[in-house]
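Written below as structure tokens is the structure these notes are about.
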DNA sequence: TTTT
DNA sequence: TTTT
């Protein structure tokens, strides 16, 4: 295929605390229940209405799992960037079901804390790590070394 | 809620021709089956692997429905920008099911043709309209009246 | 051209209060100075570093101009979605300059309030309007007439 | 700062072949000149109009630099995801200038080939690498190992 | 079910 | 300077 893009961008609030589990492989996974809402005024009745959409976010990136564990809770506002993925599973009655999730892979996607009620006050990020971050953002990288401040090309002119 | 964002960006190919239906309200709706693929080389075996994700795109914007009708077909490459929306429905056995879709609302979202095998050659967009467009892009338009809560199609099954 | 996309997504804080001006046409324009920051730990020195990028956001959508006027101030956190646009202008010495801006057109782009220090407390949106909104989001609106080619502000300098 | 986001998404065509240079550090950098266009019908005159925006894209990720070198040329259509960055420089007359660029960092951003006239036919990506890719997409990762196909949580239910 |  |  000549290239494709699968990207989801959400800003919303957690409906409950993150759930973190350990797979048989030892790998940790975080699950978030994230709400986005729209409000509008109904043209006919003049009433204000609201509709909330709930998103299931699944995180396989361990740096981001740690942020979920240490900083997020019910009510936290987050920016999430991931991929749409539909998973098939079978319930206890043997019925096939589908679940569509926003997945933050090990090497793809981001999560950035944006504050909100759930934040326990402090914004300090905890020390001792060598992560690259955009504020409380986490993701994308492996062992980055910071943004580029300048580079030595002197024949660059705006075009 | 202090503002939220719900945005999906996809670039992929149509798995079949667009399906266009007319609702009881007279409103037209287009459905796209859009594939995005990832390929990678397996570290262990060294083999090239591929995984395809299928997305159900539902379009309520009539300008975009017209583009689907006139220009898109199986194999077309498109850029789609919409919202994630999960819809509950009941199948013929009375079982509740959920379908998560990428929705292009009447007044939100975009679709841009990017070529691909399915394009029947001509790129001319048809005249006589006064639409704003970015290339073959369509969207962003007028007179919003709130998000869609439900629509009366009962033959929709997750795919 | 077979379709193109020009989209900028920013979440950051205002460095100063919004500036709102009226063009000769009577149209109002809001300018925001928006900061995004990245922090990282320097691999060599182990020090925490930060780099801030300043973005000039220019808003031609009057609903969003009103939100800027009524709700935003220095310190506010906002989500902004617009287009990249580079404008050429001539300074008082007759030197040609270029300014690249994130533009929210009349019929394209969004702004969503996400809280932050600058918010004067209340989140109430003001009544009497029939706007469609996603939280405090505003945008996506009607009756487009083409992109903006130039506007008559001659005191604009890159910042 | 409580987290920020700085993201640019472009789909357009290259106005010329990629320029690739080597910095004093030995690091390679690719520069792309990318066009995005909008067309619209003027309401007054009824004429079709077009406006093209040119974007300077700067790439520090070596995997993506290789894709530019081997597969892209004048006319190629690409999807680019990067960060907005403004760089100050001094021209030969000693005048300070600013250049705003879309930067694909070493560990951030993506480039995906979408075809277009410039593509020399072959889509084969060259072998012997262990890169993760989405079609011809490149970026984001370091040593990824492919998308997740399934995971062993059996208590997952749609919510 | 697409695409390469 | 691209593309249709």
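The backbone N, Cα and C atoms fix where each Cβ goes, glycine too.
Those TrEMBL annotations? Automatic predictions, nothing curated.
Looking up the ranges D:40-46, D:47-53, D:54-60 in TrEMBL, the one annotated as DNA-binding region turns out to be D:54-60.
Each residue of the DNA-binding region (D:54-60) gets a DSSP state, and the totals for helix, strand and coil are 0 helix, 6 strand, 1 coil. Mean model confidence for the DNA-binding region (D:54-60) is a pLDDT of 98.
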